[in-house]
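Below is one structure; the comments refer to it alone.
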Amino acid sequence: MRITQDVFQKMRDDGEKIAIVTCYDASFAALLERAGVDILLVGDSLGNVIQGEETTLPVTLDDMIYHTLCVKRGASTAFIMTDMPFGTSQVSPEETFRNAAELMAAGANMVKIEGGSVMAETVEFLTQRGIPVCAHIGLTPQSVNQLGGYKVQGKTDYEAEQLLEDAVALEQAGAGMLLMEVVPAALAAQVTRTLSIPTIGIGAGKDCSAQVLVLYDMLGIYSGKKARFMKNFLTGAGSIEEAVQNYTRAVKTGEFPGPEHTF
């Protein structure tokens, strides 16, 4: 039986950390599930690591449907979260619902939508109609052109206050989880204390309810500059499955992320 969203709320309430890894195919879905990963994120990062694009912007809804179907076939119990790609959640709540419904039909248990309080109306529209939503704030890769590149968000007092306001608005709109990407650890901790829903961090410190890494980054498969929040868990492991087990254990015990992975 597949894990449901309420399990993660209880884990958050009990102080139990949640381990998340991106996943794009059936074989890795089965492996990640065996290794104890709680949530499989079908990320639009597939544009970077699978398609070879510089950004996630070219990824289409059909791409996300295809990879969600693949992951669903490989995982029997793990919770599946799927990104809504660029252009599929920005036009109107009604159009977003139609697109999200296709992802849910493909096997997603929750969709992830990038954007702050401007997306609150859309989040509310979806959640009131049975589609669970994870909101995504901080560094939102789909807005990389507007943000001026991949850099830390929430560094100034004004930016930090805005992100906190965004987080509260999105929870009030019905978001079941909130992902924060590349924000100062102290700010992520403040948001986590303020909200009652699970928070997910990537480059956001150890105080979030959950941690997520891109599968390829976790296995040391990357080119170019290594991001600060990355850690190669394959180093010293005897197999890929053992590497994932080491990651899951490090998240659950609070060993990862360390100070060297945060801002």
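Counting begins at 1 with the first residue displayed.
Every residue gets a Cβ built from N, Cα and C, even glycine.
According to Swiss-Prot, the feature active site, proton acceptor maps to GLU181, an assignment based on sequence analysis. The 3-methyl-2-oxobutanoate binding site annotation in Swiss-Prot covers ASP44, SER45, ASP83, LYS112. Annotation source Swiss-Prot lists Mg(2+) binding site at ASP44, ASP83, GLU114.
GLU114 (Mg(2+) binding site) sits 8 Å from ASP83 (3-methyl-2-oxobutanoate binding site), taking the C-alpha atoms as the reference points. In sequence order, GLY43, SER45, THR56, VAL59, MET84, PRO85, PHE86, LYS112, ILE113, HIS136, PRO141, GLN142 are the same-chain residues whose CB sits within 8 A of the CB centroid of ASP44, ASP83, GLU114, the residues recorded for Mg(2+) being left out. Across the structure, SER45 (3-methyl-2-oxobutanoate binding site) and GLU181 (active site, proton acceptor) place their CA atoms 13 angstrom apart. Rounded to a whole number, the C-alpha distance linking ASP83 (3-methyl-2-oxobutanoate binding site) with the residue listed as 'active site, proton acceptor' is 14 angstrom. On the backbone, the CA of ASP44 (3-methyl-2-oxobutanoate binding site) and the CA of the residue listed as 'active site, proton acceptor' stand 14 Å apart. With a cut-off of 8 Å between CB atoms and residues at least 6 apart in sequence, the same chain places HIS136, ILE137, GLY138, LEU139, THR140, PRO141, GLN153, GLY201, ILE202, GLY203, ALA204 near GLU181 (active site, proton acceptor), listed in sequence order. Look at GLU114 (Mg(2+) binding site): DSSP puts it in a strand.
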